[in-house]
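Scroll down for the structure; my scribbles are underneath it.
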Amino acid sequence: MLELVKAGGWPMIPLLLLAVLALAIVVERFWSLRRKEILPPGLGEEVRRWALSANLEPSHIESLRQTSPLGALLAAALDVRHRSRDVVRERIEDTGRHLVHRMERFLNTLGTIAAAGPLLGLLGTVIGMIQMFLGILDHGVGDVTQLAGGIGKALVCTATGMLVAIPALIFHRYFRGKVTGYVIEMEQQAMALSDALEARNAAAARPQA
């Protein structure tokens with residue numbers, strides 16, 4: 001392994017650093033995007049029951065906001081519970097955009113690694129090929145076996161760049177899809193809460209027989 005790193009030359013150093021960074025991001029995102037951390041089981045139903053009981057203290061709403069991204073979205077809906085349905089929907093969408101940005105933390109970096117890895121590997125290969133041909137210019141072709149070995153060493157960077165980029169691209173797409181799925185479920189829970197509050201308000205406003 002060390003011989004391959006030496007064969008690739010200095011471009012192997014940033015490639016290895018990118019590999020370490022990509023691995024750290026993948027591990028961190030797997031940990032942060034666990035389902036129970038984003039969508040705590042039963043939270044939506046619990047908040048709907050809590051809201052319908054009319055026990056909506058500001059401190060309770062603020063506590064809900066800090067529990068999870070789903071809690072933050074439900075709290076945003078509760079903040080404007082006395083406004084029209086359009087206002088509630090607008091608040092949910094606005095808060096959802098902020099939550100998406102938070103859940104997609106480091107994913108742009110992972111996407112950049114996926115794009116830059118092959119280019120950096122190709123740069124290392126081009127540099128290696130230039131050095132090899134300059135050597136031929138100075139000393140002649142010499143042994144064909146050594147020439148083939150030099151080409152092989154030059155291609156090490158390209159292979160390494162692809163080995164870094166392919167997993168980074170796969171996990172980048174995977175996490176983006178995961179975040180999208182979470183956001184859809186969170187918005188469904190928030191709109192269910194909005195519907196429940198609207199039904200309660202309509203029932204309260206209806207004149208008693």
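Using the three backbone atoms N, Cα and C, a Cβ is placed for every residue, glycine included.
Just so you know, TrEMBL annotations never went through curation; they're auto-generated.
These figures come from a predicted structure and were not determined experimentally.
Some features that TrEMBL has for this protein:
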| type | residues | note |
| --- | --- | --- |
| TRANSMEM | 12-31 | transmembrane segment |
| DOMAIN | 68-187 | domain 'MotA/TolQ/ExbB proton channel' |
| TRANSMEM | 106-130 | transmembrane segment |
| TRANSMEM | 150-171 | transmembrane segment |
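When DSSP labels each residue, the domain 'MotA/TolQ/ExbB proton channel' (68-187) comes out as 107 helix, 0 strand, 13 coil, counted as helix, strand and coil in that order.
Mean pLDDT for the domain 'MotA/TolQ/ExbB proton channel' (68-187) in this predicted model: 86.
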